[in-house]
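Engineer: Below you will find the structure I want to go over with you.
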Amino acid sequence: MKKTPLLNIALSRVIASLGHGDILMIVDAGMPVPAGVELIDLALTRGVPDFISVLDVVLSEMQVESHVLANEMAEVKPPALQVIESLNLEDQLGQQRWISHEDLKVLSRKAKAIIRTGECQPYSNVALVSGVVF
């Protein structure tokens, strides 16, 4: 059995397969997933699992070089934003970039995989760009 927090087989496989610059998205329950992009659907019910819990576990295994958020997130200020801001202060998410929600949907077409959570707070979505550990 693995010693690290992440137990989900599909998610563990995707993170292990990421190369430098690959995109992994963590999204709320309402974010559309483009055809052809792998979906890891963790959603069980509204709020389960929440965005913050999934982000925390993903970061335990993924080296992040940068991340992309929707401008609308800054306007709505879901709880996930405060956590992301704290992680930025700890330099766990690399450089931050803001784009429109519509542009984030376009960017999702380039994702290696999208992790769907049960989060129902609007605009609780992030595109994580994989870095390297060396």
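Backbone N, Cα and C atoms are what each Cβ position is placed from, and that goes for glycine too.
Residues annotated as active site, proton donor in Swiss-Prot: HIS20. If you look up Swiss-Prot, you'll see ASP28, HIS101, TYR123, SER124, ASN125 marked as substrate binding site, on the strength of sequence analysis.
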Engineer: Using a 10 Å radius around each Cβ and all protein chains in view, which of these recorded positions has the most neighbours: HIS20, HIS101?
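Structural biologist: When each Cβ's neighbours within 10 Å are tallied, HIS101 tops the list.
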Engineer: If you measure every Cα to Cα pair among ASP28, HIS101, TYR123, SER124, ASN125, the residues listed for substrate, what is the largest value in Å?
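Structural biologist: In whole numbers, the farthest two Cα atoms are 13 Å apart.
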Engineer: Of these binding-site residues, SER124, ASN125, which scores lowest on Cβ atoms within 10 Å?
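Structural biologist: Relative to the other binding-site residues in SER124, ASN125, ASN125 has the fewest Cβ atoms within 10 Å.
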Engineer: Quick check: of the binding-site residues listed here (ASP28, HIS101, TYR123, SER124, ASN125), which one has the Cα closest to that of HIS20 (active site, proton donor)?
Structural biologist: ASN125
Engineer: Given the recorded substrate site (ASP28, HIS101, TYR123, SER124, ASN125), which additional residues of the same chain have their Cβ within 8 Å of the Cβ centre, ordered by sequence?
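Structural biologist: Surrounding the site, in chain order, are VAL27, GLY30, MET31, ALA70, GLU72, MET73, PRO78, ALA80, LEU104, GLU119, GLN121, PRO122.
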